[in-house]
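Written below as structure tokens is the structure these notes are about.
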Amino acid sequence: MKELLVRVLSGLLYIAIILFSMYAAQEWFLLLFFILGIISLREYIKLVNLQSGFWRYAGYFFLGLWIYYFNYLYEYHLLTYLLVVVVMIVNLSLIKDLFYPQSTTDLTRKGRAGLLYIIGGFLFLTLIPNRQDGFIPDLIGGVFVLIWVNDSFAYLVGKNFGKRKLFPSVSPKKTIEGFVGGFAGAVLAGFLIFKYVGLYPLWVWICLGMMVAVIGTLGDLIESRFKRTAGVKDSGRLMPGHGGLYDRLDSIIFVAPFVYCFLELVDYVS
């Protein structure tokens with residue numbers, strides 16, 4: 001009971017800090033996710049065994065540079081679009097490796113390229129609410145709600161009704177029933193966000209819910225594979241009852257480039 005209480009309280013504090021940063025000001029939001037990005041990078045680098053300090057400090061540098069540059073200085077879209085394509089290619093290669101496992105040596109080599117998946121994930125997470133009309137906190141807030149609802153429904157349905165394993169070689173606790181529950185919950189959340197927030201048509205929020213459920217789950221499985229290879233249960237210990245920040249943000253940083261690309265296409269054709 002005490003462990004559950006600690007888990008709930010730390011989770012509520014985490015949600016409160018994120019929501020406060022979104023609605024306080026864009027600068028607070030960017031600063032928070034730069035800090036969260038640094039911590040997640042540290043955890044990721046340790047997981048994939050990148051011992052050299054070069055990779056760590058290069059990651060910090062490019063994370064800060066890109067978040068500042070693309071949010072404040074860069075006024076054209078070509079470079080942003082090229083970068084999102086590159087990041088999505090890296091993410092797709094990680095999905096491929098999930099289904100066709102490589103050796104530990106190849107994983108370490110992939111880990112270097114995977115730095116782009118972490119850095120790019122946090123960059124496009126900060127760019128999602130940065131629309132032509134300005135900074136829209138309700139948009140990124142809606143994406144986070146989709147993630148949280150998907151995770152919660154997947155956990156509750158999987159715990160109570162889960163029988164068939166989804167990907168036992170990587171994450172033995174995940175079940176097909178849990179995935180279906182998370183998918184349904186995310187779609188329902190998309191409908192409710194459309195009804196009470198709007199911003200985009202219903203079909204856009206439904207598509208976002210489905211993207212979060214499918215691609216976000218793949219991001220979670222990819223992090224689980226890194227942890228299994230490293231022989232650890234959690235990426236860190238920062239959040240009592242939850243593990244590390246990378247454990248909490250693995251889904252959203254993986255799906256963020258795809259969400260950004262999808263919204264750019266929607267805005268372009270609208």
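Including glycine, each Cβ sits where the backbone N, Cα and C put it.
Listed as Cβ neighbours of the transmembrane segment (12-41) (distance under 8 Å, sequence separation of 6 or more from its ends, same chain) are residues 56, 59-60, 63-64, 67-68, 71, 115, 118-119, 122, 125-126, 129-130, 135, 137, 140-141, 144, 148, 235-236, 238-239, 242, 244-246, 248-249, 253. For 12-41 (among others), the entry in TrEMBL reads transmembrane segment.
Counting same-chain residues at least six beyond the ends of the transmembrane segment (53-72), those with a Cβ under 8 angstroms from any Cβ of the stretch are 26, 30, 33-34, 37-38, 41-42, 45, 80, 112, 115, 118-119, 122-123, 126-127, 130. Summarising the annotation, TrEMBL assigns transmembrane segment to 53-72 (among others).
Annotated transmembrane segment per TrEMBL: 78-99 (among others), in sequence order.
Annotation source TrEMBL lists transmembrane segment at 111-129 (among others). With a cut-off of 8 Å between Cβ atoms, the residues of this chain six or more beyond the transmembrane segment (111-129) that come close are 22, 26, 29-30, 33-34, 36-37, 40-41, 44-45, 47-50, 55, 58-59, 62-63, 66-67, 70-71, 80, 83-84, 86-87, 90-91, 93-94, 135-137, 139-140, 143, 226, 252-254, 256-257, 259-260, 263.
What TrEMBL lists as transmembrane segment is 135-157 (among others).
Look at TrEMBL and you will find 178-197 (among others) tagged as transmembrane segment.
Annotated transmembrane segment per TrEMBL: 203-222 (among others), in sequence order.
Among 78-99, 135-157, 178-197, 178-197 has the largest number of CB pairs under 8 A with the transmembrane segment (203-222).
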